[in-house]
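A quick write-up on the structure given underneath.
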Amino acid sequence: MPAPAKLNLMLHILGRRADGYHELQTLFQFLDYGDELTFALRADGQIHLHTDIRGVPHDSNLIVRAARQLQRQANCPLGADIWLNKRLPMGGGIGGGSSDAATTLLGLNHLWQLDWPEDRLAELGLSLGADVPVFVRGRAAFAEGVGEKLTPIELSEPWFLVAIPQVLVSTVEIFSDPELTRDTPPIKVRSLLEGGGHNDCLPVVQKRYPEVRNALILLNKFVQARLTGTGACVFGSFPNKDDADKVARQLPATLPSFVAQGRNISMLHRKLEIMAKK
Ligand SMILES: C[C@@](CO)(OP(=O)(O)O)[C@H](O)COP(=O)(O)OP(=O)(O)OC[C@H]1O[C@@H](n2ccc(N)nc2=O)[C@H](O)[C@@H]1O
Ligand SMILES: Nc1ncnc2c1ncn2[C@@H]1O[C@H](COP(=O)(O)OP(=O)(O)O)[C@@H](O)[C@H]1O
């Protein structure tokens, strides 16, 4: 089952709530590139992730946490063996961990035949991370609140070149920076689609992470470079794959990258639709 990446095409910070979380406006689109998970049924109720991710203990992995939460809340006696093909860089702002969690929820909902509706899975997902619900829904969306109020949206589906600065950006660190601007006035989706939108995290991320600043300078030579989420990844959009590939070939080896197409429906949901028809 695919666990696609996302991009934040823009990210405005409107304010900070009493619990420390930030009020955002952001535009999510999926990429046709991501991790892959494999699930096999276990009758003994155990959850085993057979792939190690460096720096993430088994029980803290969002895949295991998502599986255990679903199992507990659904009171399900079944378990699962899980394998992960990790392609997405961690702490990259392209949502790898959140997407893995969402794929686990939808994958096990299917495998365990729980028949939970999407609303309930999205609600459980939100308790695992602010970005999980959009992956559960699988539709490009304008997000508000802390990222959980989703309005599906039809965007053009350009090709993106995503460059991966070799540094892990901590989301918590960026959101707790006193210099972060938190007073962008709310805007309507319509004005966004007419152009405009920026990423309020950019100044703080650039200042703290020279690797990200350098990547932006490099990519800006070819295309208008943007930051996704709190970084570290930076990206630019292109009308076709060839143009994106051409620029990718000109980036130095110290700045790895990939090319993928923007998608309004996530690959996970396409796959689930195909499985439902069988
Ligand atoms: C801001 C975004 C944009 O997509 O950044 P990226 O992580 O993708 O770069 C996300 O909403 C992040 O989502 P996610 O990575 O799931 O965040 P969580 O685990 O829920 O939160 C990590 C930490 O970020 C801060 N946080 C997160 C979301 C939010 N609306 N306000 C916050 O202040 C909080 O300090 C929180 O403890
Ligand atoms: N399955 C997972 N994949 C990636 N990261 C995970 C996973 N489970 C837990 N994490 C933790 O979540 C953090 C953020 O991961 P990730 O979603 O890749 O970044 P971002 O939110 O910046 O896109 C990682 O640094 C890691 O500690």
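Cβ atoms here come from the backbone N, Cα and C positions, even for glycine.
Any TrEMBL annotation is an automated prediction that lacks curation.
Copied over from TrEMBL, here are the features:
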ACT_SITE  K6  active site
DOMAIN    61-138  domain 'GHMP kinase N-terminal'
BINDING   P89, M90, G91, G92, G93, I94, G95, G96, G97, S98, S99  ATP binding site
ACT_SITE  D131  active site
DOMAIN    198-255  domain 'GHMP kinase C-terminal'
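Features recorded in TrEMBL, as mapped to the structure shown.
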residue	record	Cβ neighbours (10 Å)
K6	active site	28
P89	ATP binding site	20
G91	ATP binding site	18
G93	ATP binding site	29
G95	ATP binding site	28
G97	ATP binding site	24
S99	ATP binding site	29
D131	active site	28
So which binding-site residues out of G93, G95, G97 are up against ligand 1, CB under 6 A?
G93, G95
Quick check: which same-chain residues outside P89, M90, G91, G92, G93, I94, G95, G96, G97, S98, S99 lie with their CB within 8 A of the centre of the ATP site CB atoms?
A5, L88
Check the Cα distances from D131 (active site) to each of the binding-site residues P89, G95, G97, S99 and keep only the ones within 10 Å.
G95, G97, S99
In this predicted model, the domain 'GHMP kinase C-terminal' (198-255) has a mean pLDDT of 97
When you measure from each Cβ to the nearest atom of ligand 2, which of the binding-site residues G91, G93, G95, G97, S99 fall under 6 angstroms?
G91, G93, G95, G97
Alpha-carbon spacing, G91 (ATP binding site) to K6 (active site), which is rounded to whole Å
13
Treating G and I as helix alongside H, and B as strand alongside E, what does DSSP give for the domain 'GHMP kinase N-terminal' (61-138) in helix, strand and coil?
45 helix, 7 strand, 26 coil
Compare the Cα of K6 (active site) against each of the binding-site residues P89, G93, G95, S99 and report the nearest.
G95
